[in-house]
Amino acid sequence: MGRESGASDIEIKVQGMRGDDDLNTAVSPFPASQPPRRRPPPEHRPFQRWTPWLVPAFVLANLVVFAVIMYENDCPKTFLGDCVAVFLGRFAFQPLKENPLFGPSSSTLEKMGALDVRKVVHEHQGWRLISCIWLHAGVIHVLANMLSLLLIGIRLEQEFGFARIGLLYAISGFGGSLMSALFIKSSISVGASGALFGLLGGMLSELLTNWTIYTNKCAALFTLVLIIAINLAVGVLPHVDNFAHIGGFVSGFLLGFVLLIRPHFGWVAQKNAPPGYHATPVKHKHKLYQYILWIIAAILLIVGFTVGILMLFRGVNANDYCSWCHYLSCVPTSIRSCSSSTISCLSSQEGNSLNLMCGGNKRARSYLLPNATEAQIEELCSQLCS
């Protein structure tokens, strides 16, 4: 960048001849007339760049909701065991044996809107399919998801704007919740992972449908597929709802063909050709294959969501129609079983003491808990049988 000249500048002209010992210097109090300096042309961008604000707002909202959940949980008051980080007061965490992610109890999450299929189907609480996207099981869970959201979402919002990325995030999250509800019947589910996998799916379909405008296509495709495969493989770990991941990814992949379509390279080159350059005329903004993918993806989305919602509210268990699908979310090992046995306990209240015995492992324990509520008994039973 250069500095502009002012009226106080002094111009010094130096003219030297071979063999001359003197310098003929002419000094003028006024600057010589110079051609005006032209500013360099702005960086050419064929597509509009957006200032991201929605993704940071989503991150802030998730953190605020988690703080509210921890305040409502109030471990020192509601749980008589050893809470973690008691110095935090109401924000102390449940015992790590119960929640290794440094978070609230499952009963608090259920109370605040976690995905519970029984409540969705039998108590008509369909809003839980959306509310569970904004809840997280612990500090580790929420920080990992929010970091991923910033890394993935900021770039997408810059490229496509808040409206399309907001729809992609929300609808993918709903798709993940819907698939989770169809396959997981015995436990609750929370987290924004389905929506995050939707963003990854949208990135993949966007790369495919806008193939002609990218360079290093194969390298980008290989890297993206590798990242998605690794994240889906992590979903078979304990306490991870991989059905939400898969449902969110499939929803986002199809939505990417619909929401993230861009004009093909020939049309962009023609529109942004410099003056005097005659580009080959291009009539159509998009390629034929882009229109075909758009139509197919839209049909699959509408049919998939319609069938899924009907199956859910009719109480259909998708595992009855896919005997191997449970391996997508759980791989049995010698130390871990994937059977979804129902947890039950025998309970008796004797004065201020609550006596529990797990029906599965036959473990028994007494708690100093007068007038225990049903939610407290279920929570203690879950700990005893785990």
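For all residues, glycine too, the Cβ spot is worked out from N, Cα and C.
Per TrEMBL, the feature domain 'Peptidase S54 rhomboid' maps to 124-260. Taking the domain 'Peptidase S54 rhomboid' (124-260) as a whole, pLDDT averages 94 in the prediction.
The region 'Disordered' feature in TrEMBL is assigned to 1-44.
What TrEMBL lists as transmembrane segment is 53-71 (among others).
The feature transmembrane segment is assigned by TrEMBL to 133-154 (among others).
Marked as transmembrane segment by TrEMBL: 166-184 (among others).
Non-local neighbours of the transmembrane segment (190-211) in the same chain are 62, 109, 114-115, 132-137, 141, 145, 148-149, 152-153, 156, 165, 168-173, 175-177, 179-180, 217, 220-221, 224-225, 227-228, 231-232, 241, 244-257, 259-262, 264, 289-290, 293-294, 297; each lies 6+ residues outside the stretch with a CB under 8 Å from one of its CB atoms. Taken from TrEMBL, the feature transmembrane segment covers 190-211 (among others).
Look at TrEMBL and you will find 218-237 (among others) tagged as transmembrane segment.
Under the heading transmembrane segment, TrEMBL lists 243-261 (among others).
Taken from TrEMBL, the feature transmembrane segment covers 291-313 (among others). Beyond the transmembrane segment (291-313), the same-chain residues lying 6 or more positions past its ends with a Cβ under 8 Å from any Cβ of the stretch are 117, 120-121, 126, 175, 178-179, 181-182, 205, 208-209, 250-251, 254-258, 261.
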Worksheet item: At least three Cβ pairs under 8 Å linking the transmembrane segment (218-237) and the transmembrane segment (243-261), pairs spaced 6 or more in sequence?
Response: yes
Fill in: DSSP-derived helix, strand and coil totals, residue by residue, for the domain 'Peptidase S54 rhomboid' (124-260)
107 helix, 1 strand, 29 coil
